[in-house]
Amino acid sequence: MCRRAMLLLAAAAATAGRAAAFSRPLAVRQGARLPAATRLFCDASGGGRGSAAVAQSEQGTKPKAKEEKLDLKPPRGTRDFYPEDMMLQNWLFGKMRRAAEAHAFVEYDSPVLENEALYVRKAGEEVTQQLFNFADKGDRRVTLRPEMTPSLARMVLARRKTLTLPIKWFSIPQCWRYERMTRGRRREHYQWNMDVWGMPGTAAEVELLSSAVYFFQSVGLTPEDVGIKINSRSCLNEVLEKLGVAEDLHARAAVLIDKLDKVPVDAISDDLAALGISGDSLDMLLKTLQAQSLDDLRAVLGDDSAAVAELDGLFKKADAAGIADWLVLDASVVRGLAYYTSTVFEAFDRTGELRAICGGGRYDKLLGMFGAEPMPAVGFGFGDAVIVELLKDRGLLPSPEELRPAVDAYIFAFEEDLMDAAASIAAGLRGMGSGVAEGLKVDMALEPKKPKKGFKDADRIGARYVIMLAGDEWEQGLVRIKDMLTGEQEDLTVEQIKAKFTPVEAEA
């Protein structure tokens, strides 16, 4: 057989083999998709349209999955802070900081993310159930802080040997709790915290109460608007001892009793009975909680009650500090956090329309919960949400115009080639490069403006002065300045403008 004939036979055999291969069923699992590049058949010339191309074409004609619409609202229970909201927040926090600094407290902060163990069982069952907790990428249990006190305790414990006592610290952290939302209650909030460590007795409590009253007065509230309920966990502990309730159950009883301002006694009677409080014992407990004076408490606890003596001393110190008009005794206030030991208090809206404005108390044994030697400590937490609602109801919130930061001067140029000169004047008035600690607050148009638009923008931001750069005046070395308050305007050199504001700033 000639070589040519042999080649033709080999080619025919190869073609037959390929045909046989394609005639066999493909071993493809039902429902599985073949790779897009797989070619299932071709024509004899090899130039036909393969199934990969067909598949790609068909795939391109399939409708795309509908994209999920972006939710423009923040997560439920959280807030956006637009500039006008930040102005209000800065005003409020400024009042809080001023009250703290007036009492010589210093500011601190801690991470918003904490070890979960720091809060589990330290703050009480209710707070533990409301944690935003999860395992991080290292499989460590962490949580967004629900409140600040355990974090503060951790910080104090870490530097206990080097701290000079007493310490008076404050903070305004963001806190997170996954709880039911009502008016003035969100899942994130900012909380003004004031704490005194290393000082036993009630003088520290009065210092804290004085700072809260200072704040209330600074925002226009009076004792007719706000009161502060005062009590002591020691009163509850004394009556529980009389009723034979074991000491290790006192904190549990306090958590239950704290619910009585939200639910009737019947709703917690079974839980109280499990602690041994029912019948006559329950009647005695309720009589104690209903006390509205020190004499009422003495009638239940006796004239030799240490708790009553402690409260008596607190009220006398408050009178000396000039804040007695704000305080009322309320034996039903126990606060729900497990770590409180004696004095507890909370500020309230006297109309009764809002929940507690702030609350706190003494927690002398908190460090003991971490296995360390206890240290006297007392503090309060003051959320940002309820107080804003209260001020809104009383018409005491400042208007956006009042909160808007003052702008001393607004500069704009009529033409593009004057923009650099405008920027140079703005920098000079701001005090840049001059060694001036603080210059004027100057806004500058970032593109050329017509006079009408420039004045409109200046009026919108509340600028006191408007400085304009126009071609004809600039060629003469002059700049026009207008006082938006008086309407007076004049043409000055750049040096004259600087002299007008330096070293004396623009009038308020």
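Every residue, even glycine, has its Cβ placed from backbone N, Cα and C.
Heads up, TrEMBL stuff is auto-annotated, nobody curated it.
Annotated L-histidine binding site per TrEMBL: E147, M148, T149, R177, Q191, D195, R335, Y339, Y340, in sequence order.
Summarising the annotation, TrEMBL assigns domain 'Aminoacyl-transfer RNA synthetases class-II family profile' to 76-405.
Residues annotated as region 'Disordered' in TrEMBL: 46-71.
Annotation comment: TrEMBL describes 1-21 as signal peptide.
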Mapped DSSP class for Y340 (L-histidine binding site), helix or strand or coil:
coil
Would you work out the biggest C-alpha to C-alpha distance among E147, M148, T149, R177, Q191, D195, R335, Y339, Y340, the residues that bind L-histidine according to the record, and give it in angstrom as a whole number?
21
Reduced DSSP assignment, Q191 (L-histidine binding site):
strand
